[in-house]
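According to TrEMBL, the protein has these features:
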- 9-332: domain 'Citrate transporter-like' (DOMAIN)
- 46-63: transmembrane segment (TRANSMEM)
- 84-107: transmembrane segment (TRANSMEM)
- 127-152: transmembrane segment (TRANSMEM)
- 173-191: transmembrane segment (TRANSMEM)
- 222-238: transmembrane segment (TRANSMEM)
- 245-262: transmembrane segment (TRANSMEM)
- 268-289: transmembrane segment (TRANSMEM)
- 301-330: transmembrane segment (TRANSMEM)
- 350-371: transmembrane segment (TRANSMEM)
- 392-415: transmembrane segment (TRANSMEM)
Amino acid sequence: MLILLFTFIALLSGKLSYGVVGATIISLLIITGVLDVSEALAGFSNTNVAIMLCMMVLSGALMKTSLVERIVGLVRNVGHSERALIAGFGLIAAAMSQFMNAFVAVACLLPLITGLCSQLNIKRTKVIYPVMVIALTWIFLFPVGMGASTIAQMNGYLESFGSEFRFNMMDMTIGRLPGVILNTLFCIFILPRVCPDKPSVEFRDDLGREVAKSTLSRPREILCYIIAVVMVVLMILAGTIGIQVYTVAIVGASALALFGILSEKEAFQSINFGMVFFFAAILPLSTALTKTGASDVIADAIITILGGSTNPWLISTVFVLVCFVATQFLSNTGCVQVFTPLALMVCVQLNMNPVGIMSLVNIGCCASYLTPMANPGIPLTMSAGGYSLKDCIKIGILPGLLICAIGVVWCSLFFPAY
């Protein structure tokens with residue numbers, strides 16, 4: 001329990017990196033004797049960690065192609081109205097957010113957004129924030145790159161808690177998709193009306209990053225696309241055709257290096273080792289919580305807070321709203337790492353199918369629309385668009401509540417708890 005408390009405090013403070021937190025968790029588990037050395041280090045041999053590593057390598061490879069550059073070129077053909085710009089740049093940011101952080105995606109697009117707004121005499125305050133919300137809404141939606149890593153993380157948690165349930169490759173996508181689509185339409189057609197007509201504070205024009213040019217030869221770029229598509233298709237069909245997802249991931253990542261699409265140095269640079277180390281540490285912590293009975297105590301406490309209710313609709317609503325509030329002050333990744341084990345504890349205690357509620361935790365944690373602490377993309381948009389904190393809260397609250405409400409209804413119906 002104390003180690004779990006340390007994890008909460010460390011993530012909330014933001015003073016320690018994920019890698020340092022992970023190393024400390026493993027050290028404490030060994031020093032206190034809660035787990036032996038082999039149990040504490042078992043996370044590093046978990047197949048889901050291998051999948052996460054390999055999908056990060058795939059993301060790095062795709063970023064070397066002209067995929068992003070080509071997509072950006074399409075926006076000029078969409079139209080020249082306010083809504084057209086939001087739709088065009090929003091969907092481009094959505095596509096880019098499958099391979100990179102939404103903040104980076106919008107940062108790449110900002111020079112184009114502000115430039116076109118100036119050329120077409122469109123108020124940037126009506127465009128920039130909705131585009132950021134769309135990017136955050138779509139972040140890692142599909143099981144490619146980090147999206148597949150998310151599935152691996154969720155299955156790692158389920159395995160460590162001894163649950164019989166598992167996420168299929170498309171389950172998280174299916175759980176999030178209705179809310180993502182409706183929220184995107186909301187951002188295009190309604191949210192601009194909520195945005196201010198003029199900047200509330202002084203804005204800057206020098207923010208953003210240029211979209212990188214492809215550094216691959218044409219044959220290698222085509223080969224990269226082929227490998228990526230084959231990896232995703234085989235991962236989706238893995239259960240049907242009798243192969244392991246981690247086998248596909250490892251072979252695919254190896255092929256990227258073997259054919260010279262990524263050098264060894266580039267492959268390692270594409271991996272967030274701190275996050276991998278943290279995830280490998282969280283898995284044995286989950287095992288320790290189950291082994292010591294602490295998970296039952298925590299789950300009972302949460303159930304008590306819920307008034308002893310075992311109503312899955314109430315539990316789903318509470319978790320998604322708590323995650324939505326918490327993610328405004330935590331990074332969405334940290335928020336997922338904190339609340340996923342708690343949601344899983346409650347589900348295991350009540351013999352519920354945890355897939356729906358775990359999907360809702362992800363939905364709530366991704367809705368980091370309101371504050372500068374929620375996501376580095378928010379202060380970026382504040383500076384580029386001249387939004388005040390009051391503007392951010394006013395703009396972000398509606399899409400946040402909308403996607404949470406849709407998520408509760410859809411996930412509760414599509415992934416019934418009992």
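The first residue you see is number 1, and the count goes up from there.
A Cβ is built for glycine as well, from the same backbone N, Cα and C atoms used for every other residue.
Predicted automatically and left uncurated, TrEMBL annotations should be read as such.
Across the domain 'Citrate transporter-like' (9-332), the prediction's mean pLDDT works out to 82. Against the transmembrane segment (173-191), the recorded stretches 46-63, 84-107, 127-152, 245-262, 350-371 differ in Cβ pairs under 8 Å, and the greatest number is found for 127-152.
Long-range contacts of the transmembrane segment (350-371) within its own chain (CB-CB distance under 8 A, at least 6 residues past either end) are made by residues 132-133, 136-137, 139, 150, 154, 157-158, 163, 165, 167, 171-172, 175-176, 179, 299, 303, 310, 312, 315-316, 319-324, 326-329, 331-332, 335-336, 339-340, 343-344, 378, 389, 392-393, 395-397, 399-400, 403-404, 407-408, 411-412, 414-418. Most Cβ pairs under 8 Å with the transmembrane segment (245-262) belong to 46-63, among the candidate stretches 46-63, 84-107, 222-238, 268-289, 392-415.
Same-chain residues lying 6 or more positions outside the transmembrane segment (46-63) and placing a CB less than 8 Å from one of its CB atoms are 99-100, 144-149, 151-153, 155-156, 159, 212, 224, 227-228, 231, 244-246, 249-250, 252-253, 256-257, 261-262, 266-267, 269-272, 275-276, 279-280, 283.
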